[in-house]
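J.: Sharing a structure, written as structure tokens. Questions coming.
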Amino acid sequence: MGNALTFLYGKCCKPTTTDDSLGPHGVSAATVGVSALAHDLFNFEITSQVPEGLGRYVQSSRKAQANWYRKILEAWKQAKPPPQTAEEASRLVTDILKRNQKADVEGLLSFYGLPLSHTLVEVTVEAPVSLPEGILFEFQTLPVDPKAVADGDTITVYVSTSEPVVSSSVPREVNLAAVQRAKAREKRNYPKADELHQKIIDSGYRVLNIENEEVLARKFRIRLRGIDAPESQMPFGKEAQEGLLKIVGRKSLKVLVYGEDQYGRCVGDLYCNGIFVQEAMLKKGLAWHYLAYDKRPVLAKWEKEARQKRIGLWASSNPEKPWDWRKNNRRE
């Protein structure tokens with residue numbers, strides 16, 4: 001069995017002890033999708049049997065279904081890296097079965113809860129060669145804590161004090177506290193170490209454990225420039241937050257900072273593994289183009305594409321604009 005399928009099966013698809021936690025393919029509801037498909041491919045290679053429930057979703061015979069799984073299994077093994085997201089798995093299946101009936105392909109995707117081909121979006125995978133006009137500075141973040149994604153357009157990141165943009169401005173007392181904390185931990189004086197760490201945190205810094213190495217880092221709150229996602233309390237607010245989390249969670253980001261907003265947040269463009277995060281959010285229908293603060297035509301173009309496909313928040317005929325919602329729900 002290929003390593004990718006073995007890993008996904010072992011990590012994501014172990015049976016749980018309660019029936020309530022199982023999804024339609026014998027795995028937890030949270031893993032239905034990529035890992036469920038990997039689970040069934042794993043079983044198919046061993047038994048040559050396709051899932052029992054698939055026949056309710058497709059029209060073709062079980063013999064034809066077995067042929068699909070054989071092709072998908074081979075393509076999955078050859079993919080480097082193998083699919084890790086629902087979108088990647090959907091593209092692989094759609095490409096391999098492109099000569100089959102559309103109803104069968106969409107039925108197979110629906111069986112696994114994977115996005116249908118017409119809802120997939122293509123995102124540019126390249127960072128700018130030169131800095132756009134108006135950039136004040138840039139930095140590379142440490143991996144993003146999933147808990148730090150507040151909503152669909154705001155995240156908190158940490159930047160190592162070894163980064164040039166940060167290194168020259170670290171307060172002396174923060175550096176001193178970091179050294180003293182390390183010594184306290186060596187002596188197993190953890191109460192003292194915790195007290196010193198709190199002092200560091202209160203100053204806008206934190207000591208993070210990155211790959212078993214302690215890194216002193218500065219905290220930045222980032223507002224994604226040019227987009228406005230639904231607020232957490234709005235319809236589709238949770239989906240927008242989860243969409244951004246899927247893109248940036250546990251990954252390092254390249255941030256191009258244009259300035260600071262009235263709340264002290266850095267306003268910037270975000271790149272994750274070469275993907276322009278705002279582009280992904282707009283194309284997936286997870287945010288509006290914030291025209292009042294960013295006139296870039298390409299942002300309007302990406303929003304228009306999502307509107308035409310009626311994906312994400314655009315599945316609603318008249319979604320409420322975040323800025324209108326904030327105006328009508330101002331805090332006293």
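Glycine is treated like the rest: Cβ placed from N, Cα and C.
Got these off Swiss-Prot a minute ago, pasting:
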LIPID     G2  N-myristoyl glycine
LIPID     C12  S-palmitoyl cysteine
DOMAIN    140-316  domain 'TNase-like'
BINDING   D153, D228  Ca(2+) binding site
ACT_SITE  R223  active site
ACT_SITE  E231  active site
ACT_SITE  R265  active site
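Distances, neighbours, how buried they are, the whole picture for these features please.
T.: Across the domain 'TNase-like' (140-316), the model assigns an average pLDDT of 95.
Spatially close to D153 (Ca(2+) binding site) yet at least six residues away along the chain are R223, L224, I227, D228, A229, A240, L244, M281, A287, judged by Cβ distances under 8 angstroms.
Spatially close to E231 (active site) yet at least six residues away along the chain are D151, G237, P322, W325, R326, judged by Cβ distances under 8 angstroms.
All chains included, 17 other C-beta atoms sit within 10 angstroms of the C-beta of R265 (active site).
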